[in-house]
Every structure is written in structure tokens, then in C-alpha cells.
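TrEMBL annotations:
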type	residues	note
DOMAIN	1-139	domain 'ABC transmembrane type-1'
TRANSMEM	20-39	transmembrane segment
TRANSMEM	60-79	transmembrane segment
TRANSMEM	118-141	transmembrane segment
Amino acid sequence: SPAFFSTPEIARLSIMILDAWTFIPFMMIMLLAGLQALPKEVNEAARIDGANNWQHFWEITFPLMLPVSITATVIRIIFKLKLADIVINVTSGGPGGATDTVTSFIFREYRDRSNVGYGTMMAVVFLIIIIIMMTALLNLLNRWMNKVT
């Protein structure tokens, strides 16, 4: 195993860097698409009304980008919860389980240890937890967006 996976701290940091490396392009493309879709008329009207850059960002760009930002964030959270592919392929949960995630543990329990019932039960419980968390998050964000707009 390479030196950057030899200690738990460095292994965790390496997994975080790999995860960021794989998803920064996705987030940037989503945000760039959102920025390019903003109506030009609103920007021009704000400039004519004398809005400075700070006001323009907080009063126009930020509220109009909220739906795209929330969508990208929810997609990112969902993919973050399934981080097992990177962990299993790079470190197999090591050293000493330091880089293990819930999904990689479930995968190893199901496949490597042939503990199908336990692995399936953990996957179903994890799915229920994810559904509850996403529902709560979307409700909070929906309330916040209704307050902003």
C-alpha cells in the first residue's frame, strides 16, 4: 500500500481529496449552467438601478441561483452517502477501518462475509434514514426558499 494510505489520518485525507477531485467538476458545471441560465434583463435592470456588485450578488444572483444550488447540493449529498466505491477500490476500508463508510461496511458485510441478512437489514435501515434526512432537508430548504422569495 502506498505511504499516503499507511496512517488513518492520511488515508482519510486521501479519500477526501479523491472524493473532492471527482465531484468538483460536477458541481462547477451545475453552477455554471445555473449562472448562464439567469435572465439577462434582470442583470441589466439592476445595473441601471445602480446596484453595486455586492447588492447584485445578494439580491439577484444568489436568490435566482438557489434552486440550482439546492439541486446540486442534494445530488452531492446522495452521492456522498454512497462513497463506498472510492473506499472499497482505494483502501478497502483500511488501515484498521479508518476510511470505512456505512455503505462500504454494508457492501463488505454482504459480499465478503456472506452475511446477506445482516447486510440487507443494514441497507434497508440506512435507506430509511436517508429518506427521513432528505425529506427533512428538502422541507427546511423549501421553507427557507419561500421565505427568501
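Every residue, even glycine, has its Cβ placed from backbone N, Cα and C.
Predicted automatically and left uncurated, TrEMBL annotations should be read as such.
Each residue of the domain 'ABC transmembrane type-1' (1-139) gets a DSSP state, and the totals for helix, strand and coil are 111 helix, 0 strand, 28 coil. Non-local neighbours of the transmembrane segment (20-39) in the same chain are 60-61, 64-65, 67-69, 71-72, 75-76, 79, 86; each lies 6+ residues outside the stretch with a CB under 8 Å from one of its CB atoms.
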